[in-house]
Amino acid sequence: MVLLRVLILLLSWVAGLGGQYGNPLNKYIRHYEGLSYDVDSLHQKHQRAKRAVSHEDQFLRLDFHAHGRHFNLRMKRDTSLFSEEFRVETSNAVLDYDTSHIYTGHIYGEEGSFSHGSVIDGRFEGFIQTHGGTFYVEPAERYIKDRTLPFHSVIYHEDDIKYPHKYGPQGGCADHSVFERMRKYQMTGVEEVTQTPQEKHAINGPELLRKKRTTVAEKNTCQLYIQTDHLFFKYYGTREAVIAQISSHVKAIDTIYQTTDFSGIRNISFMVKRIRINTTADEKDPTNPFRFPNIGVEKFLELNSEQNHDDYCLAYVFTDRDFDDGVLGLAWVGAPSGSSGGICEKSKLYSDGKKKSLNTGIITVQNYGSHVPPKVSHITFAHEVGHNFGSPHDSGTECTPGESKNLGQKENGNYIMYARATSGDKLNNNKFSLCSIRNISQVLEKKRNNCFVESGQPICGNGMVEQGEECDCGYSDQCKDECCYDANQPEGKKCKLKPGKQCSPSQGPCCTAHCAFKSKTEKCRDDSDCAKEGICNGITALCPASDPKPNFTDCNRHTQVCINGQCAGSICEKHGLEECTCASSDGKDDKELCHVCCMKKMEPSTCASTGSVQWNKYFLGRTITLQPGSPCNDFRGYCDVFMRCRLVDADGPLARLKKAIFSPELYENIAEWIVAYWWAVLLMGIALIMLMAGFIKICSVHTPSSNPKLPPPKPLPGTLKRRRPPQPIQQPQRQRPRESYQMGHMRR
């Protein structure tokens, strides 16, 4: 009997456990599995990786089994998402925050896989991209409140995410009327004189030029300022968890935008510059603009926009609010010209008399009473940022295939900028449509130089082999290399050598087009003034360093000599002399001032041109001149292309004129002249008085006067008189009173 009871209990527990693993987490996730790996062990590994010095110890390893497969994660701290000036701001302080709990990696042995997440208290939370789709890992208590669970985390596949509002009449972004009101408001911005000409200049049409590949660093990174309100903090519980969520969202959109070719503009990335966390303690803070519980989505965006965000490309607020009509996010739409808003927009005055920054947006993780899966929230964030980048909602059959009657097109789903939220499980859900790419390309072309920065991170596809890359031949439309995978290949494969290839020409000139090292006799670098030609060594694609030419070899057009392979010495040193500067104080003309001059060591009085008789035994009468632009005349001027020394006047012509007029020497010279030639000054004074008296006498008889006792003025002789044609004699009319005339004039 006891045995039967135990058997029944055991079967019940197994059945219950199996049912629990198959039950949905909420109405959006229909299947999950539990994870119960050793959290203490992972926490210790995280601490070791955090303190690691060696390259090998910096990697964090996590192994577990779920969904019928094994996950062997190899991860490393991710520093690419946070700028060097990254700060975390709270109501009490601004902190230099440690982001060592943020990791990026891959599945060991699975090419093209990718993982990103955080390790907090020994638990991994994030997403894992595999060839079979993307898996999401989250803490179990976020969904299941039972503390007696035999697992601490849940993992589910993106195919098990079913978002019921994706094609419904509501959910996702705001409706057309909201965007129309926002568009009209954006048109009322008052331009300020501090704006750059690039911001004010309007383009006549799309300017979608293909960019040539360049090896110079591009401004391709949009720096973010992200705030979270007290409700967002309340849901996730800790500061570390909040930052992990922000990191996950930014990494998700970074992956989407980096892999999109915006008409030749590539590698667009994102970096967090500052985070403001409003905790539950800020709920009653009167300075907290987001403290009220019931704020509509438009007002919530307005509160974010009323702050000055000039230091950032974009500024977002993350919240946990259930907005009306299922809205998950809202943002100002950018434009290349004609209206305010979007990336790089500066604070300015608008029609309501308020200064606002319209480079803003908001995101919520709650919809219709339930928290949306991270996948949906990530796509929403990418969607709203797409608005900031200049894309309106997709429309037309070309850009909304999910509404097509063609089953093949409909199966691929809609693109990121579709008006309603998507679950992200369709092929097109993580891509931009051609309509969006055209719009975003115009805005990037116009505005990115106003606030985008260089990422400082290795970029696969820029033609330079950087850290973490084996080779770099560019993108698929640029790569002519048979040895290297181009930048359009998946993660773990791009910018890597193809199997069986020794090298790639992108690594250096000592690799052939057939992916083999050149022989030891082949030249890879021409000789220079101070270095011999470079010769390949047969074991590397890089061209080895060239041997230096002998010291005191002439270089730089015989004006200098080589020292240890560098053109760094003066030609004077070749003959045991020192270089000096010929100065005008020594009686040199402006042409000789641009000669190379030498002197005996410690004897400045011997300074003379190389063409002088004094140094004829060294230079054989050959005059060596300085290079155009070189300083001359004891650094008071520079040599022009005609080898003449042009003096430098830092003050400019206006300052010279001021000095000439107000110079004390000028007035001293005038005073001395007056003393010496007093009689001339006296004669000039008498002549001036007589001239003025004569002018008055002559002109007074022709000047009218109001004095009735004076005779009338005499007409000037020889003046032209205006002849008027004879007028017909008219009968005199009775003059109307002044009042009557004025009233008649007003009536007319």
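Including glycine, each Cβ sits where the backbone N, Cα and C put it.
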Cysteine paired with Cys562, where Swiss-Prot records a disulfide bond, from Cys530, Cys536, Cys582, Cys594: Cys530
The annotated region 'Interaction with AP2A1, AP2A2 and AP2M1' range in Swiss-Prot, which must be one of 389-403, 734-748: 734-748
Disulphide partner cysteine [Swiss-Prot] for Cys471, chosen from Cys451, Cys484, Cys503: Cys484
Selected from Cys582, Cys594: Swiss-Prot disulphide partner of Cys597: Cys582
Per Swiss-Prot, His383, His387, His393 bind Zn(2+); matching candidate in Cys173, Cys594, Cys598, Cys607: Cys173
Cys451, Cys460 - which one Swiss-Prot pairs with Cys344 by disulfide: Cys451
91-98, 139-146, 171-178, 203-210 - the one Swiss-Prot records as motif 'Cysteine switch': 171-178
Disulfide-bonded residues listed as Cys344, Cys598, Cys632, least Cβ neighbours within 10 Å: Cys344
Among Cys484, Cys555, Cys594, which are recorded as disulfide-bonded residues, the nearest neighbour of Cys536 (disulfide bond) by Cα: Cys484
Most Cβ neighbours inside 10 Å, all chains, among the disulfide-bonded residues Cys536, Cys594: Cys594
Disulfide-bonded residues compared (Cys495, Cys555, Cys567, Cys597) - highest count of Cβ atoms within 10 Å: Cys597
Entries of Cys471, Cys495, Cys580, Cys582 which, being disulfide-bonded residues, have CA atoms within 10 angstroms of Cys598 (disulfide bond): Cys580, Cys582
Arithmetic mean of per-residue pLDDT over the motif 'Cysteine switch' (171-178): 72
Cβ-Cβ neighbours of Cys645 (disulfide bond) (radius 10 Å): 26
